[in-house]
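According to Swiss-Prot, the protein has these features:
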- 38, 39, 40, 41, 42, 43, 44, 45: ATP binding site (BINDING)
- 2-241: domain 'ABC transporter' (DOMAIN)
């Protein structure tokens, strides 16, 4: 549905040359929710704006639904953009128009008959859960409701693709979850292809099928969400994954934690489980095999792309030789082990 090939984007600021994107290629199959994640300034907003040519690539090809956009005339591009809806971090609603009027605007600009506008807008407001807000003005809506209006407006022309540019960044966590569930529902109901950009791995984890990691204008990793969470290939991907599961060392342990071993100490371990290692009874197996005891301090588990993953803080009691053997055995069974110190 979306195929970006060798996209490069260069900006000129006086004598400065800024390369925002460098030879980026990305394929989003029809009907998928595809996430692009990166830190601020990584190039993700520039990338998504290249899809509908709000930013025209310096080099490269942009195919949407089999149509090459970079070679179209202005009138042809305007027509092609009707198949590409877009929502933003800021809702960009017209304060002088009601909810109905905001959603109706693209249909009015397309000279759609009034009875068809009424039918379509009513249908869309029901879809986004605002069936009772036809006559409300944006000033009377919450942030989540405003974004729902923006989503309805983006769907007014019945597009095949929806672009989401940090669409939940300005929302509180509960509202973010509700908007993401709405996008997932729209994807299922309409078969809509969704490309979203974000700096939050929680967003990717919650609704995406595939994810690409962008850094300094380059895609450094891309795969299914389950594969990236199970086997991240780059330090940046690992960092984003760790941000979704974070366990703080309890304060009483922090006060006692030492960097080097001392007499009668035990190591404190941070264990990361993904895929099959989550469900296997690995800790009890280490106890049987290596005569060690594990005191679990805290643990957290979650799902992403249908794959379970989690982290755990534990003390491992046993002789130095036994604990080292147990740690090596865990690592052999795809558990990432970090020795945080000794208590």
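Cβ coordinates come from backbone N, Cα and C, glycine included.
On a predicted model such as this, the values are computed, not experimentally measured, just so you know.
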Ask   = In the same chain, outside 38, 39, 40, 41, 42, 43, 44, 45, whose C-beta lies within 8 angstroms of the Cβ mean position for the ATP site?
value = 199, 214, 215
Query = Least buried of the binding-site residues 38, 41, 43, going by other Cβ atoms within 10 Å?
reply = 41
Query = What number of additional C-beta atoms lies within 10 angstroms of the C-beta atom of residue 39 (ATP binding site)?
reply = 15
Ask   = So what's the average pLDDT for the domain 'ABC transporter' (2-241)?
value = 93
Task = Using a 10 angstroms cut-off on Cβ to Cβ distances, just flag whichever of 40, 45 is the loneliest among these binding-site residues.
result = 40
Note = Other C-beta atoms within 10 angstroms of the C-beta of residue 42 (ATP binding site) total 24
Task = Could you list the residues of the same chain, at least six apart in sequence, whose Cβ is under 8 A from the Cβ of residue 44 (ATP binding site)?
result = 36, 37, 38, 197, 198, 199, 214
